[in-house]
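S.K.: Below is one structure. I have some questions about it.
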Amino acid sequence: MTDQKTTLLRGARILGGEPQDVLIEGGVIARVGRGLQAAGAEVVEAEGRVLLPGLVDLHTHLREPGREDSETVLTGTRAAAKGGFTAVHAMANTFPVADTAGVVEQVWRLGREYGYCDVRPVGAVTVGLEGKQLAELGAMHDSAAGVRVFSDDGKCVDDAVIMRRALEYVKAFDGVVAQHAQEPRLTEGAQMNEGRVSAELGLAGWPAVAEESIIARDVLLAAHVGSRVHICHLSTAGSVEIVRWAKSKGWNVTAEVTPHHLLLTDELVRSYDPVYKVNPPLRTEADVMALREALADGTIDCVATDHAPHPHEDKDCEWGAAAMGMVGLETALSVVQHTMVESGLLEWSQVADRMSHRPAAIGRLAGHGRPVAPGEPANLVLLDPAYRGGVDPAGFASRSANTPYEGRELPGRVTHTWLRGRATVVDGALK
Amino acid sequence: MKRHLISAADLTRDDAVLILDTAEEMARFADRPIKKLPTLRGRTIVNLFFEDSTRTRISFEAAAKRLSADVINFSAKGSSVSKGESLKDTALTLEAMGADAVVIRHGESGAPHRLATSGWIGGSVVNAGDGTHEHPTQALLDAFTTRRRLVGREGAGLDGLRVTIVGDILHSRVARSNVHLLATLGARVTLVAPPTLVPIGVESWPCEVSYDLDAVLATSDAVMMLRVQRERMNAAFFPTEREYARRYGLDEDRMARMPDNAIVMHPGPMNRGMEITAQVADSPRCAAVEQVANGVSIRMAVMYLLLGGAEPALSRTDEAPTETPMPQENN
């Protein structure tokens, strides 16, 4: 799985610092310094571009098995590599559901076989995502896939007893339950954020309280049983307050935010264009600002894409009939640069923390999210922050094109990605 | 240039007054022995109904036929739509058949907006009610009825009139369109409902909200009662049908507290005994039957103005608009 080729990066700004040279040898970072020489090495002139550890996504829908018309492990991991990711966590809501060792091992093996990006399957918490009976969490952990993150994402583990048991049970192997916080009764038929815009548009509301009440319950449960809990795609200012409070108590709570919740608001739904339909829904400007601030101050630990590919026909229809979700792997870093770096909220070193170190730590993922230093695995991404360009889904490696950013100008571009020293992306193109 | 009627919010005051005035002219023809105008001869109007609504459909159908348009009724039930054909494919089919206008009733909010902005069809789109979003021709006919009864003057708006809308505001496309249009025409609107049936976010609407019907009756020039579905009770929007009727239903005692010339309206179909008693429904102050007749005139006016009638057939033939005044649906 490693590449024996030697690569010399010249003038790369590690974590946005001063330009240095980086020598990659045998799949690891061999040396870091100025004026490095290596005979026979392939030289990449970084020309002041920014070098970060390969990005890690805690929340990716690869859709295989079952919905290969929207994405496969191959197309999804190619999209991931193009977006600068070296590891993704593949969500469990496939067909069949990833609730057995067999399914998670299949997904994991496909990822290894293709070699674009490490695929870390997420195991379902309950059988069939039905919230009734625990899936064989231990078997999934013990499998070759080594599952450490469990989630019924797409559905909330809404039964308090099942949630409590899951939180407790995974302690045996240092797993974590990633909760899709959505009180189901409060969101029956919900189509968009409940507020001024939903009132005008006549679309059934998805109230902030439906997310916040579950998060409040789950941080209390996690504290009670001494487990850790991870909150998926946190989307409201109120959720930020609850997580901030839980962390102030010293409870083991982590949270992620998606790029789209850092940028887009429910005002976009006025177009009734289902490309803006997503779950949890786009919220208000005040929520967006609170999420950015929380990601900056560490209340929210990390960015996760919730990359959710859907075939064209599932978005080329009326709002109510459309599927929820947006693709995000190939635009995540640009959105974070736009919303967090160019607004002065995060330094590049902190971007590395929020998009690589922290998600790898939450997922207990070895070999990723490591420092860019000698002896570390050469999982790296080189990006050109000066780049400006419009988003064109025709150029996506993903099989789906349901991006909310089509035609929008976003900064930055991934030029190179290395997975254990092997270049998966060179000059913006997949290898 | 495509022209649509999707939302009452898209109408300026001038647009709205022109529609009402045009409807007055159309209404005059309704009293003649021969009710038909040649205005839209050779034009094709499709009534695309994804929801059952016989009343609204026949109103649009009568309006189009009186303008001599060819009318095609496309009901989703029993058609390929019920077999899973998408809105897009239906639209492409209608486009291929050369529809000049599509009148759409759909259970999903925003479906007419999608039809008008997706590029699937080139003709005009008229929203005949979408989900819990809007029903602009209903609001226009309500304004027309109110103006006839309480203002009695063409060219006028509804300035200073106090209109109270009572009932299931949360799920009502009629209420949403009325709030926009009444505000545009200068009326003062008060919504009355139990708090469970008022949408979160209503504070940005150009109206007042009250939970107490009795408190606003004495200052209402028009009271519009909305149909309340009995099933709402099962989702705990109110405890029982009887409690709803007691607190928010309009009966004779309440009607007696309204100003002498105040009117009662209802978009129909009425739940007699629920939101309105039979005595009120059948009283001379209730304009429900007039509303139905006015609906045809309003829809004639809308289609005439949207399709820019090729042959001037109105009484003021000299000034028949060549450039139609309806705004283009934007965003």
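Every residue, even glycine, has its Cβ placed from backbone N, Cα and C.
Quick paste from TrEMBL:
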type    : residues                                             : note
DOMAIN  : B:3-147                                              : domain 'Aspartate/ornithine carbamoyltransferase carbamoyl-P binding'
BINDING : B:R55, B:T56, B:R105, B:H135, B:Q138, B:G268, B:P269 : carbamoyl phosphate binding site
BINDING : B:K83, B:R173, B:R227                                : L-aspartate binding site
DOMAIN  : B:159-306                                            : domain 'Aspartate/ornithine carbamoyltransferase Asp/Orn-binding'
S.K.: Given the binding-site residues B:R55, B:R105, B:Q138, B:G268, B:P269, which one's Cα is the least distant from that of B:R173 (L-aspartate binding site)?
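M.R.: Out of the listed candidates, the nearest Cα belongs to B:Q138.
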S.K.: Out of B:R55, B:R105, B:H135, B:R173, B:R227, which of the binding-site residues is least crowded by other Cβ atoms within 10 Å?
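M.R.: Result for the binding-site residues B:R55, B:R105, B:H135, B:R173, B:R227: minimum number of other Cβ atoms within 10 Å at B:R55.
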S.K.: For the domain 'Aspartate/ornithine carbamoyltransferase carbamoyl-P binding' (B:3-147), DSSP counts of helix, strand and coil?
M.R.: 67 helix, 27 strand, 51 coil
S.K.: Can you name the binding-site residues among B:T56, B:R105, B:R173, B:R227 whose Cβ is less than 8 Å from some Cβ in chain A?
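M.R.: Only B:R173 pass the 8 Å Cβ test.
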S.K.: Look at the binding-site residues B:G268, B:P269 and tell me which residue has the greatest number of other C-beta atoms within 10 angstroms of its C-beta.
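M.R.: Of the binding-site residues B:G268, B:P269, the highest Cβ count within 10 Å belongs to B:G268.
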S.K.: Taking the recorded carbamoyl phosphate site as B:R55, B:T56, B:R105, B:H135, B:Q138, B:G268, B:P269, identify the other residues of that chain whose CB atom sits within 8 Å of the mean position of the site's CB atoms, giving them in sequence order.
M.R.: B:S53, B:S59, B:A128, B:G129, B:V174, B:P267
S.K.: Identify, among the binding-site residues B:T56, B:Q138, the residue whose Cβ has the fewest other Cβ atoms within 10 Å in this structure.
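M.R.: Result for the binding-site residues B:T56, B:Q138: minimum number of other Cβ atoms within 10 Å at B:T56.
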S.K.: Report the largest Cα to Cα distance, in Å and rounded to a whole number, among the residues B:R55, B:T56, B:R105, B:H135, B:Q138, B:G268, B:P269 that the record lists as binding carbamoyl phosphate.
M.R.: 16
S.K.: Three-state secondary structure of B:R227 (L-aspartate binding site) from DSSP?
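M.R.: In three-state terms, B:R227 (L-aspartate binding site) counts as coil.
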S.K.: Can you give me the average pLDDT across the domain 'Aspartate/ornithine carbamoyltransferase Asp/Orn-binding' (B:159-306), rounded to a whole number?
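M.R.: The predicted confidence over the domain 'Aspartate/ornithine carbamoyltransferase Asp/Orn-binding' (B:159-306), as a mean pLDDT, is 96.
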S.K.: By DSSP assignment, list the helix, strand and coil residue numbers for the domain 'Aspartate/ornithine carbamoyltransferase Asp/Orn-binding' (B:159-306), in that order.
M.R.: 65 helix, 24 strand, 59 coil
S.K.: Whole-number answer please: how many Å between the C-alpha atoms of B:G268 (carbamoyl phosphate binding site) and B:R227 (L-aspartate binding site)?
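M.R.: Checking the Cα atoms of B:G268 (carbamoyl phosphate binding site) and B:R227 (L-aspartate binding site) gives a distance of 7 Å.
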S.K.: What is the separation, in Å, between the Cα atoms of B:R105 (carbamoyl phosphate binding site) and B:R227 (L-aspartate binding site)?
M.R.: 18
